[in-house]
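Taken from TrEMBL, the feature Cu cation binding site applies to Cys146, Cys150, His235. Summarising the annotation, TrEMBL assigns disulfide bond to Cys146-Cys150. Under the heading domain 'Thioredoxin', TrEMBL lists 108-274.
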Amino acid sequence: MRRDLARAALAVARSSMSADAAATRALPAGARVSTGGHPRSAEWRRRLGAPGATARSFASSAHGSSGPVGWKSLAAMCATGGGLLWWYDAERRRRLESIRAGPSSGKASIGGAFGNMKLANENGRAWRTDELKGKFALLYFGFTMCPDICPDELEKMAECVDLVEKAGKSIVPVFVSIDPERDSVRRVKEYVKEFHPKLLGVTGSVEACKAAAKQYRVYYHKTGDEDGDDYLVDHSIIMYLVDPAGEFVTFYGKNYEAAPMAEAILEQMKRVGH
């Protein structure tokens, strides 16, 4: 789209240049060539603001070739190009906000009220998200056999939690397994403790984990030996912020670092007076 905007701006500039050239050719022959003391040279110097400038800078030569772009053409080109780029950026921001906001009701169709996720916590007891009621929570969906992405993201989550607590606030970090066939309760418990003492790990049946992932629009798919145990899980890399009422607030992608994410979370807490 930027390429189309650039072409549009170039077309406007060319149109302005053609108009300048046509106006110059319409002048009498003597007016198109600078003589130094010609009455028009004073007018050109006044427009340019430089005492040494002459009409030759703005007019065609005696052979009729086009001169450089005039100030009016440059101004038109800059104004048009700048306006088009501003419109493009504004439209892009509007579309991103509309995607994040979800339906016109004002709430994104992600997550939901507490109590919808029915999993098992790291101690094997039934766990529902309503246990988080009254607290902010940060959810991440992954799997314990993940070689690099999940460990990196959970380390970032742990750092973010510490920064939030350092600011005098609290948030519950939650790891939700999307690989229940290998992620037993015991395995998840051992895994999450490697990252943060407050990190809560939950898993469940294939159906329960699939329902939880669907609730938060999490994409995941097995790759490799799907029939055996030697496989990986391709999945979306997103952390979901949930408010004390259990409603989805916003999400943070892989590009977020721990410090900016903590600042964004603290700002969301401030908005709801938490």
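Here the Cβ of each residue, glycine as well, is placed from N, Cα and C on the backbone.
Automatic, uncurated: that is what TrEMBL annotation is.
Overlay of TrEMBL annotations on the structure.
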residue: Cys146; record: Cu cation binding site; Cβ neighbours (10 Å): 18
residue: Cys150; record: Cu cation binding site; Cβ neighbours (10 Å): 21
residue: His235; record: Cu cation binding site; Cβ neighbours (10 Å): 20
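Excluding Cys146, Cys150, His235 themselves, the residues of that chain whose CB lies within 8 A of the CB mean position for the Cu cation site are, in sequence, Phe141, Gly142, Phe143, Ile149, Glu153, Ile178, Val233, Ile237. Model confidence over the domain 'Thioredoxin' (108-274) is summarised by a mean pLDDT of 91.
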